[in-house]
Amino acid sequence: MRQIAIYGKGGIGKSTTTQNLTAALATMGNKILLVGCDPKADSTRMLLGGLNQKTVLDTLRSEGDEGVNLDVVVQPGFGNIKCVESGGPEPGVGCAGRGIITSIGLLENLGAYTEDLDYVFYDVLGDVVCGGFAMPIREGKAKEIYIVASGELMAIYAANNICKGLAKFAKGGARLGGIICNSRNVDGERELLEAFAKKLGSQLIHFVPRDNIVQRAEINRKTVIDFDPESNQAKEYLTLASNVQNNTKLVVPTPLPMEELEAMMVEFGIVEL
């Protein structure tokens, strides 16, 4: 069982990428559990045809410990992917990071991590790797980390910060598998992210081009893999899935000092002096 966490700054398309990646892996015959670790609870929506899933924390609040069972919090989605949303605290109360810790602990106790699973994916809110959101890394749950980024300053800044957290908790066994580019059609984007990944000691695992079919699929509450499996974009996600499946390059990243990061952005014309 490979346990993989997907990080990336808010709004980068992390949940969209994760759902299309897991859908592609499922069509390749893999058995998958996807745990959404974002208080917005939107990590599984397209796999469930738009169904707003009841979260682990909502169930805990309304039913108590006794009311939480796998039938309530685990829903089968596209490709028979087991879908879970950890949820978050009520707005303004409590810590969402603690919620992830509670949810994963509950899933373990309830026996969600069955031996027949090929993959467990964690879709994690990742602008800031605070203690709770770092939990899949820190506790050694996820051994493989992929970061979704684009050729924009804040996306790369967030990716570098995530690598700082990953390097700090490397003793738990977590390693960076690579950078996934979710393209924003920025000039020189592929070359920039290849250079950034190389400086980290890692790789650009795949460059996912921008295509409006992603939005059309989302409007229809489906992944691209489900909505139009013959499309070019579906083939891109299948290539990403194949690259992840065959990836053996797992490293402790070397985050860039801020001066070097800014110099690289200037070199590629993303930032002007």
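For all residues, glycine too, the Cβ spot is worked out from N, Cα and C.
Taken from Swiss-Prot, the feature ATP binding site covers Gly8, Lys9, Gly10, Gly11, Ile12, Gly13, Lys14, Ser15. For Ser15 (ATP binding site), the number of other Cβ atoms no farther than 10 Å from its own Cβ, over all displayed protein chains, is 22.
Per Swiss-Prot, the feature [4Fe-4S] cluster binding site maps to Cys95, Cys130; the stated evidence is sequence analysis. For Cys95 ([4Fe-4S] cluster binding site), the Cβ neighbour count at a 10 Å cut-off comes to 14, with all displayed protein chains included.
Neighbour count (other Cβ atoms within 10 Å of the Cβ, all protein chains): 15 for Arg98 (ADP-ribosylarginine). Taken from Swiss-Prot, the feature ADP-ribosylarginine applies to Arg98, supported by sequence analysis.
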Exercise. Which site among Gly10, Gly11 has the most other CB atoms no more than 10 Å from its CB, taking these as binding-site residues?
Worked result: Gly10
Seminar exercise, completed: Cβ density check for Gly8 (ATP binding site), other Cβ within 10 Å (all protein chains) comes to 28
Problem set entry | Around the Cβ of Gly13 (ATP binding site), the count of other Cβ atoms that are within 10 Å | 21
Exercise. Taking DSSP three-state, what's Gly11 (ATP binding site) in: helix, strand or coil?
Worked result: coil
Seminar exercise, completed: What DSSP gives for Cys95 ([4Fe-4S] cluster binding site), in three states, is coil
For this session: Can you check which residues sit near Ile12 (ATP binding site), meaning Cβ under 8 Å from its Cβ, same chain, 6 or more apart in sequence, and list them in order?
Result: Val148, Ala149, Ser150, Ala155, Ala158, Asn182
